[in-house]
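Okay, so here's the structure we're looking at.
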Amino acid sequence: MRAQGRGRLPRRLLLLLALWVQAARPMGYFELQLSALRNVNGELLSGACCDGDGRTTRAGGCGHDECDTYVRVCLKEYQAKVTPTGPCSYGHGATPVLGGNSFYLPPAGAAGDRARARARAGGDQDPGLVVIPFQFAWPRSFTLIVEAWDWDNDTTPNEELLIERVSHAGMINPEDRWKSLHFSGHVAHLELQIRVRCDENYYSATCNKFCRPRNDFFGHYTCDQYGNKACMDGWMGKECKEAVCKQGCNLLHGGCTVPGECRCSYGWQGRFCDECVPYPGCVHGSCVEPWQCNCETNWGGLLCDKDLNYCGSHHPCTNGGTCINAEPDQYRCTCPDGYSGRNCEKAEHACTSNPCANGGSCHEVPSGFECHCPSGWSGPTCALDIDECASNPCAAGGTCVDQVDGFECICPEQWVGATCQLDANECEGKPCLNAFSCKNLIGGYYCDCIPGWKGINCHINVNDCRGQCQHGGTCKDLVNGYQCVCPRGFGGRHCELERDECASSPCHSGGLCEDLADGFHCHCPQGFSGPLCEVDVDLCEPSPCRNGARCYNLEGDYYCACPDDFGGKNCSVPREPCPGGACRVIDGCGSDAGPGMPGTAASGVCGPHGRCVSQPGGNFSCICDSGFTGTYCHENIDDCLGQPCRNGGTCIDEVDAFRCFCPSGWEGELCDTNPNDCLPDPCHSRGRCYDLVNDFYCACDDGWKGKTCHSREFQCDAYTCSNGGTCYDSGDTFRCACPPGWKGSTCAVAKNSSCLPNPCVNGGTCVGSGASFSCICRDGWEGRTCTHNTNDCNPLPCYNGGICVDGVNWFRCECAPGFAGPDCRINIDECQSSPCAYGATCVDEINGYRCSCPPGRAGPRCQEVIGFGRSCWSRGTPFPHGSSWVEDCNSCRCLDGRRDCSKVWCGWKPCLLAGQPEALSAQCPLGQRCLEKAPGQCLRPPCEAWGECGAEEPPSTPCLPRSGHLDNNCARLTLHFNRDHVPQGTTVGAICSGIRSLPATRAVARDRLLVLLCDRASSGASAVEVAVSFSPARDLPDSSLIQGAAHAIVAAITQRGNSSLLLAVTEVKVETVVTGGSSTGLLVPVLCGAFSVLWLACVVLCVWWTRKRRKERERSRLPREESANNQWAPLNPIRNPIERPGGHKDVLYQCKNFTPPPRRADEALPGPAGHAAVREDEEDEDLGRGEEDSLEAEKFLSHKFTKDPGRSPGRPAHWASGPKVDNRAVRSINEARYAGKE
């Protein structure tokens, strides 16, 4: 391990070194290429000769020992007045010894680069090149000091060895081209070239824009020639990390990681993630929020899978049978005479009427009858004669007429030809009557009938009377409907209700019917009157609607159809785009935040130099920082408008400031200072020096001649005139003829002609330096001559398909329809203007809206009145047609003024005993009060604070808990609880109320009153017994109804639901009666005896096998950890069903939804482990008891469901200590015990 750690250390050091090298990479380079140096006299700046031989030029010139010349370069910040002292803040460099007094090097450019490449290939270094790297934003302005020195084997600078010092303060932009500089000093003439280049992946005029192309998690972009990130297709954002989602994708419920997709959040779906996911398994329902299941019409149940109108959806009854909806997914057929079966599919005595003609014989079959025809006849009743028309030669439904040796086709109107094979356009004759349109078909035509009509020509009124009316009611056919005229004493849509005075709901408009001895009395709601509340008080007389709106009188209310310019209940409020100022204002300075972001996100509309201020109506204005102006604060105020720089200086505009770049010969902040070129004295005491602009003049003494009084013979030499000027000797003086672009006595002053005409466009400023120039571009422009407009639309700032319009240092988003905001991130809420009529709900959509209409209204804006269903009243509260509500433990719904409620006896409601008197009375229904519960009703203490609402007795029934009574109208449920999971303070009454409130309990109590009574079970302290019965109990031929109710309640309990009480249930036992006929005879006893013999044989075989295996293990004497242990657990067996007339049977089921209850670690486990250590005599005794139990079986049907919330399926069992034995002969302790055992 230590060696491995020592191996890791070098790797870590190498990694840190690599990271340091990467971080230390420069942003750019300043390069200087020396081309030539000419020191004609071989002298130093002090006038002495090189190599310190003591001679001076004043004494007559230097000897043949030339200077050993090398160059030092110092780069520092821009100085209006250059000072040679001080640090080289930008960097410094030096060359080796390059030559003697004068030398030439390959110039910069293509030819020079090739020469230097050949030198490097030969192993030589480029001697005249000085490269100074920098790791900061290049400021473009700089000061360059170049010094030529004489090498004298001394590493310390010595001013006495200085040959020449020249300086240049100017501006240069990064580019590949070289910029030439010429210097004529006091002693030497220097020619050099400079340039600035950005390092790889660095761009802009300051080399501080870093851009490295990438296509990974951190970005998806390339780099253009200006270093701008160009997002790849489908990506956007500052770093091109945000994928462009599908247009219209709801960013509140979805997003994307791949361009063009729209990935929905959990619970949402659809193309734009704007559709919620319904509850799993929801069949005929929809949702508004995720995991809902709102049922469609005629569907019910938790998953909307219960067909409430099975007859109307499936039409199961055949042969004219009448279908009646019994309960969800159930129906009953009332068959006509001569038919029977569940669907009236069986015909009875079909051959009695001799249906077979021409001597055919009739045979009855389950579906009716069949005719066996004699030779020469065919058909269902042997009525068809076989002839030439038997092959159906006539097409298109033509009628074949048999003739002698032939046939004739009588074609329908739609067809013509010998065999009716040619089609005719039947729609020309307009055959369709009550139809939307006529469509010509091949071989006929089709009439698109209006609802309520049928037939080929839509001329037959659909007979909607199909036996729906019961109890002798007369059905009256209507167009697309029917009406039942009921006989006296019956009512309802199908005359299915037995009428009393109030059963037919005689009171209209939601009136409450009061049954009286001699009739009834209607208590009308507000807005109605009359004996039957049939008189609707016309609230439209006089009309309350304003501004010309039409008034509609509704049920107890009115509705005003407002014009487009007004709204409100009475159309008295002018409609505004933002009524009451409650509309959401589109903030021009912000955008909607995306998921996980704060409320608003800055849009950046004012750029980096302004602050956005919102204005009314979604507008904005920008408050600019000092030095900026413009609508978007995108324009830098030009501080050079007053031309503050003097003497031809170039003014460079900066942020709220300016800078002057002076021409040669001038310095200072405003270029108003002429530096003294006579310092140090260039005349070397041979004459008097006069200062000029970027030059000097020596008035020589004692016969000395030349520019610096250095010659006795000539005024001119090769270096008298600078920059290529031609020298003319005039005897006592000289004259220089300057080339274009230069002026002055020695051609040392540049005319700045490189900026004439101005090469910089779009407001750029040209800074000349001899024959070269540099452009300083205004914000928003870039390039060598400021020709490229900076792309402010990159990276893409516009969302949802918005188009970005690039300006000069600004951008604008043109949004797609339905979107707004500076970056098109706001989905325009078309509901802000309240386009929907009063009372309707507006739902915003992309580039539109949708109106959700209240009942009785329709139209695009819910402005059309189509009528209302009647409301229902419950306890003084009105409920509109189609609505649902809960009363106590029952669920109710309103069906056109009729209350349809489940019939569950809600029993005694739990209540708190302690508290204020008014609070105690409010817990119980009217007329009841909170009383102390009966003793022994607490399932898990403390329960002293809980009581029960009294004064309501249950219906009289013999089906009581702990009574042992079972019949066709009585079932008994025994619920076993895990007391550790039962909440404290739980009483038997609370459990009973929870079961009564189950949706499944309400569903089985539609036709009869369902009574549930609870008490502590005698089988254990953690068990509750529930007695289930219907009231009244008459007309129950068998126990199927009570069995169905019991099993539905048990199924709901096993699903647990959201009740903490039901989660604590570990086992449910169901007991119902099973009736049998006397026709069984001796079959049951014989079967019981045979089963008993087989069971005893199995027991004997198991005992023998167990002993044999035990002996084998004792002989083998294997170690304990190597012995096999069979972990197979026996299933709960079905006990011997003993069936006899009027008796009962006891059957045991294992509930797969439940798991066995948890047990203590020291408690013996059921199954093999729990019986491993049982002695052999104890096993025999248990077997004997099992036989006795089977003979003492009672007559109750018992279904047992068990579960264990405390053990997970994957947890290993804890086996008890002792020798390991075969487990297959051991009975599970979960085997059923017969109820009622003595």
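Each residue, glycine too, has its Cβ placed from N, Cα and C.
Sequence annotations record features per position, and here Swiss-Prot assigns disulfide bond to Cys211-Cys223, Cys245-Cys256, Cys276-Cys287, Cys356-Cys371, Cys373-Cys382, Cys427-Cys438, Cys432-Cys447, Cys524-Cys533, Cys540-Cys551, Cys624-Cys633, Cys683-Cys698, Cys793-Cys804 (among others). Look at Swiss-Prot and you will find 307-345 tagged as domain 'EGF-like 3', backed by sequence analysis. Residues or ranges marked as domain 'EGF-like 5' in Swiss-Prot (evidence: sequence analysis): 385-421. Annotation source Swiss-Prot lists domain 'EGF-like 6' at 423-459, citing sequence analysis. According to Swiss-Prot, the feature domain 'EGF-like 7' maps to 461-496. Sequence annotations record features per position, and here Swiss-Prot assigns domain 'EGF-like 9' to 536-572. The domain 'EGF-like 13' annotation in Swiss-Prot covers 712-748. According to Swiss-Prot, the feature transmembrane segment maps to 1081-1101, an assignment based on sequence analysis.
Across 385-421, 423-459, 461-496, 536-572, stretch 461-496 shows the highest tally of CB pairs under 8 A with the domain 'EGF-like 3' (307-345). Long-range Cβ contacts of Cys540 (disulfide bond) within its own chain (separation 6+, distance under 8 Å): Cys551, Tyr552, Asn553, Tyr558.
Across the structure, Cys633 (disulfide bond) and Cys683 (disulfide bond) are spaced 57 Å apart at their Cα atoms. For Cys524 (disulfide bond), the spatially nearest entry among the disulfide-bonded residues Cys223, Cys356, Cys373, Cys698 is Cys356, judged by CA separation. Calculated from their C-alpha atoms, the gap between Cys438 (disulfide bond) and Cys287 (disulfide bond) amounts to 39 Å.
The two recorded residues, Cys804 (disulfide bond) and Cys287 (disulfide bond), show a Cα separation of 38 Å. Looking just at the domain 'EGF-like 3' (307-345), the mean pLDDT is 82. Under DSSP, Cys245 (disulfide bond) is assigned to coil, being neither helix nor strand in the three-state scheme. Taking the disulfide-bonded residues Cys438, Cys633, Cys793 in turn and counting surrounding C-beta atoms within 10 angstroms, the largest count is reached at Cys633. Most buried of the disulfide-bonded residues Cys427, Cys447, Cys804, judged by other Cβ atoms within 10 Å, is Cys447. For the domain 'EGF-like 6' (423-459), the DSSP counts in helix, strand and coil order read 4 helix, 16 strand, 17 coil. When the disulfide-bonded residues Cys223, Cys245, Cys373, Cys432 are compared by the number of other CB atoms within 10 angstroms of each CB, Cys223 has the fewest.
The Cβ of Cys683 (disulfide bond) lies under 8 Å from the Cβ of Cys689, Cys698, Ala699, Cys700, Thr708, Cys709, each of these being in the same chain and 6 or more residues away along the sequence. For the disulfide-bonded residues Cys223, Cys373, Cys427, Cys624, a Cα to Cα distance of within 10 angstroms from Cys447 (disulfide bond) holds for Cys427.
Of all the disulfide-bonded residues given, namely Cys245, Cys382, Cys624, those whose Cα is no farther than the 10 Å limit from the Cα of Cys371 (disulfide bond) are Cys382. DSSP assigns Cys223 (disulfide bond) to a strand. Ranking the disulfide-bonded residues Cys223, Cys287, Cys356, Cys382 by Cα distance from Cys533 (disulfide bond) puts Cys287 first.
A sphere of 10 angstroms centred on the C-beta of Cys551 (disulfide bond) encloses 19 other C-beta atoms. Distance noted between the C-alpha atoms of Cys211 (disulfide bond) and Cys276 (disulfide bond) is 43 Å. When the disulfide-bonded residues Cys211, Cys698 are compared by the number of other C-beta atoms lying within 10 angstroms of their own C-beta, Cys211 comes out lowest.
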